[in-house]
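K.L.:
Okay, handing you the structure first.
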Amino acid sequence: MAGAPGPAPPTEGGGEARPAWDNKLQYLLSCVGFAVGLGNLWRFPYLCQMYGGGAFLIPYVIALAFEGIPLFHIELAIGQRLRRGSIRVWTTILPYLGGVGLGCFTVSLLASLYYNMVLTWVLWYLLNSFQHPLPWSACPPDLNRTGLVQECQGSSPVSYFWYRRTLNVSADISDSGPVQWRLLLCLAASWAVVYLCVIRGIETTGKAIYFTALFPYLVLTVFLIRGLTLPGAIGGLTYLFTPDMRVLQNPRVWLDAATQIFFSLSLAFGGHIAFASYNQPRNNCRRDAVSVALVNSMTSLYASIAVFSVLGFKAASDHGQCLDRNILRLINAFDLPEQSISRDDYAAALARLNVSQPARVAGLPPEACRLEDFLDKSASGPGLAFIVFAEAVLHMPAAPAWAVLFFGMLYSLGLSSMFGNMESMTTPILDLGVMARRVPKEALTGLVCLLCFLTSSCFTLRSGSYWLEIFDQYATALNLILLAFFEVVGVVYVYGMKQLCDDIAWMTGRRPGFYWRATWKVVSPLLLLTIFVAYIALLASSPPGYKAWNPQYEQFPSQQGKPYPSWVLAACALLSFLPTLWVPVVALGQLLTRCREKTRNPPQDGGLKPRGSRAC
């Protein structure tokens, strides 16, 4: 029966009581903060705009229902029921599956290294926002102070500030260059902030999460209200959500929708398992999984509306400036009176002149000023935050105030996600008793943060942004998909569907219905395998390479496409499967250990043979 008592929850080694959340709101905000991150703000709007606006929501919702929510429910259920971190959960289910937990631990470590580097860039921009005018609003003078820096004139003030003043990026990944000390100091400050927030685990993150999880919603609302009052905002939103059903015939749309759901919910990192392990045993984890997943998706939509209302204003402003340049050309070329051509009359005036004097018009020639072209100039990832949106802020009144709000919101979003990544690492270490009990939690957390800071300092080199892109593309994607597959197979087929349903019935009072059982047993594993194969095919279809910022490039300011050197390709291959390699390594180690024990302690003659003895 659903209300029948289940087996007693496991107790902590050493008899110590496991920490617990102060209240349910802390836990929900921590899950929302871990799930809702930078990707909701700078990747989902880009995908939605690129793949037919509203049409992209169709594969997105399907992936959410059959992949995201079921996997999320499994992680919360096993974490809450077994009350262990991501490593001991799997060793409790079956020692041979310990590699799944180690893989999640390794992915969280690698992700934390580069994710906090992104927060370092955000912090640098935030600190530079407290000045007027903003430092990316104009090109700086050259060394002789007789003109402007040529690299800035050849690109734009926003791009120059990002690539040269912030990253000081090299033109080739092989040219590492020296450490950028300004970035190193900001990186140290970022890790110090993380340490202060996670110093005592959920005791301190539970307090900080009230601000870090709620502040972004406040800022998004402010941007939305302001953005909707700006000229061009409605055009941006119309362009974003106008559906184009033809794109659904493109398999890449379905792959991107599935991967967006997967990474947006932060599945297979181990953070949700760690958070759930601090819950009360009878908490309704099913309701939590559905609620957090829906909040995460609604946040993506909400952020898209806020972002594209501002980007629509930027596109309208750039379109107007383009028209003004063309009008000035026409007035100067044909000796027309000033202000004789308005923006609204430009198209008609150009058509008249093109009929009467086509040769002179062709000799100008006027720029192509189409609003759709400016709306197409969106980007995802750092390009959206540090170039496109940073430029959009310049067009707004009181630009420094809006820059402070925007980059403060980004930092808050990323910081709450870092709480989950850090919990993914510290909780397993505490559960395994790697360090002596007398070592305080503050010292353990400090040691982890220090090691992560020293390791991630490589991203402050001149080639650091290229390596961060490699980590983002190769260190997490394939590993998370494979680890999630092992998670669902390990729970459903090793732990057992019946045991899982019994546990959920004991915790929530209701047994999982057909939808949950079907998705766990068949649909989700097949979807994950399909995504994995499609992702491998996608990587194989395009040669690995990167876009270099090279002022000497003939087509500068366009970035120069370059292939990775062979030694970088080896690093990419290692990162692609390093965390997942823990799964076979640990399973083989357990098998050899069992065989060695049976060899040392053979069964007595005539006694019963142990189960599984044929494996040796």
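For all residues, glycine too, the Cβ spot is worked out from N, Cα and C.
Curation does not apply to TrEMBL; its annotations are automatic.
Pulled these from TrEMBL:
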{"type": "TRANSMEM", "residues": "50-72", "note": "transmembrane segment"}
{"type": "TRANSMEM", "residues": "93-115", "note": "transmembrane segment"}
{"type": "TRANSMEM", "residues": "181-202", "note": "transmembrane segment"}
{"type": "TRANSMEM", "residues": "214-241", "note": "transmembrane segment"}
{"type": "TRANSMEM", "residues": "261-278", "note": "transmembrane segment"}
{"type": "TRANSMEM", "residues": "290-311", "note": "transmembrane segment"}
{"type": "TRANSMEM", "residues": "401-422", "note": "transmembrane segment"}
{"type": "TRANSMEM", "residues": "443-462", "note": "transmembrane segment"}
{"type": "TRANSMEM", "residues": "474-497", "note": "transmembrane segment"}
{"type": "TRANSMEM", "residues": "518-540", "note": "transmembrane segment"}
{"type": "TRANSMEM", "residues": "567-592", "note": "transmembrane segment"}
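Just tell me what is around each of these and how deep it sits.
P.N.:
Within the chain, the transmembrane segment (261-278) has long-range Cβ neighbours (under 8 A, six or more residues past its boundaries) at 18-21, 27, 30-31, 34-37, 39-40, 44, 60, 63-64, 67-68, 71-72, 75-80, 82-87, 89, 101, 104-105, 107-108, 111, 202, 285, 292-293, 296-297, 300, 417, 420-421, 423-424, 427-428, 476-477, 480-481, 483-484, 487, 531.
For the transmembrane segment (443-462), the list of distant contacts is 109, 112-114, 116-117, 120, 167-170, 175-180, 183-184, 187-188, 191-192, 194-195, 198-201, 422, 425-426, 429-430, 435, 468: same-chain residues at least six beyond its ends, Cβ to Cβ under 8 Å.
Long-range contacts of the transmembrane segment (518-540) within the same chain, counting only residues at least 6 positions beyond its ends with a Cβ under 8 Å from a Cβ of the stretch, are 63, 66-67, 70-71, 74, 251-252, 255, 258-259, 262, 477-478, 481-482, 484-485, 488-489, 491-492, 497, 500, 512.
Non-local neighbours of the transmembrane segment (567-592) in the same chain are 95-100, 102-104, 106-107, 110, 173, 470-471, 473-475, 478-479, 482-483, 486, 544, 615-616; each lies 6+ residues outside the stretch with a CB under 8 Å from one of its CB atoms.
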K.L.:
In the same chain, who gets a Cβ under 8 Å from the transmembrane segment (290-311) while lying at least 6 residues past its ends?
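P.N.:
Sequence-remote neighbours of the transmembrane segment (290-311) are 28, 31-32, 35-36, 40-42, 44-45, 48-49, 60, 64, 68-69, 72-73, 217, 220-221, 223-224, 226-228, 230, 233, 236-237, 239-240, 264-265, 375, 378, 384, 388-389, 392, 396.
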K.L.:
Report, as numbers and ranges, which residues of the same chain sit near the transmembrane segment (214-241): CB under 8 Å and 6 or more residues beyond its ends.
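P.N.:
Distal contacts: 29, 36, 45, 48-49, 53-54, 299, 302-317, 319, 371-372, 375, 396, 402, 405-406, 408-409, 412-413.
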K.L.:
Cβ under 8 Å to the transmembrane segment (181-202), counting only same-chain residues 6 or more beyond its ends: which ones?
P.N.:
19, 21, 26, 30, 116-117, 119-121, 123-124, 127, 166-167, 208, 212, 275, 278, 415, 418-419, 422-423, 426-427, 430, 441-442, 445-446, 449-450, 452-453, 456-457, 459-460, 464
K.L.:
Six or more residues beyond either end and a Cβ under 8 Å away: which residues meet both conditions relative to the transmembrane segment (474-497)?
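P.N.:
Answer is 70-71, 74-75, 78, 90, 93-94, 97, 100, 103-104, 106-107, 110-111, 114, 259, 262-263, 267-269, 517, 520-521, 524-525, 528-529, 531-532, 535-536, 572, 575-580, 583.
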